[in-house]
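Annotated features in TrEMBL:
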type    : residues                                             : note
BINDING : Glu58, Asp59, Asn165, Asp166, Asn221, Asp266, Asn267 : Ca(2+) binding site
Amino acid sequence: MTYYPATRMFRKVVLVLVVAVVLSHVGKFLTAMRVFQHVYNHVPGTCGFVEGVEQGSEDIVLISSGQAFISSGLVPQGLVLDPVYFSFVPKVFVFDYRNPSNGAKKSTSCQGVLRKTSYPTVSAYSKTHAKGHSEDRVEIFRFDANSNSLIHVKSVTHSLLYSVNDVVATGQESFYATNDKYSTGMYSKMTETWLLLSWSNVVYYNKGGATIVAGGFKCANGVNLSPDGNVVYVADSIKGVVTVFHRQRDNTLRRSHDISLHTSLDNICVDATSGDLWIGAHPKPIEFAEHLKNASHPCGSQVLRVKNPAGEAARITEVYSDDGRSGLWGSNIGWT
């Protein structure tokens, strides 16, 4: 077959465009994974480990009494994991900030994979069946302060709750939840991440009904409410931003603005007095992914504080940062 000069030129142009598009996407992916980001170590003071929590801590929720719920034993879904994670047992611990030397005490064990907690009544986890398919549920508990235990009240399932990452309660049987991916299989989730697809969303659930109230996230992770309940904060791990929404009377969300934090964000805590955000983050998520495959591989941790998050001039402070050499690996949340 004979190719004319114009045809050969067209093929070269197409090839150059394809290569340019691929290289551009690779650059965007490497940037999202913070491959070239340097981590500077600094701490705000003396740090110590909480006794009793031996299989990691995925989330912490502090209540007015000075007690905190700590979810532990998470087995991450949709990822290649070190076999050690499969020995983890999902539990919720109670830690008393007023008596820190007492360590954390187990409050309850969970069937399935514990994800996040939200006071006063909600705890979320996904349950993986034998064939590898997952059924995400939100479990509602009541905390009995006298016995220091969580009493199961109700299980919630819905077709829109399919890749639940975090929840924040708005009532006894209502909450906002983030789906960190649209896909549910391991390889499809990986593909969604590699392609940087914006298919993640936020769902509002209320007494059996659910609706998607926000979308366009690459990985919607932590979600929380302002002290007055009028503002909703959503952390996008891949974009590295917190999106601020105004909560409407019908519980839909109106987008306000983004707060760019240039790191891989995880959970959000809201100071009940000041309204400041305390956010756990992974400064180099590519190292965190390696840590999940090899539990002995160190990965960094980071805690950020955001003042005036609902306003137009948010002030950001990096409170804690470590490249993994101190032993605190993969921070998910920060609190003071």
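Cβ coordinates come from backbone N, Cα and C, glycine included.
The number of other Cβ atoms within 10 Å of the Cβ belonging to Asn267 (Ca(2+) binding site), over all protein chains shown, comes to 25.
In the shown protein chains, 26 other C-beta atoms lie within 10 A of the C-beta of Asp266 (Ca(2+) binding site). Using a 10 Å radius centred on the Cβ of Glu58 (Ca(2+) binding site) and all shown protein chains, the other Cβ atoms total 25.
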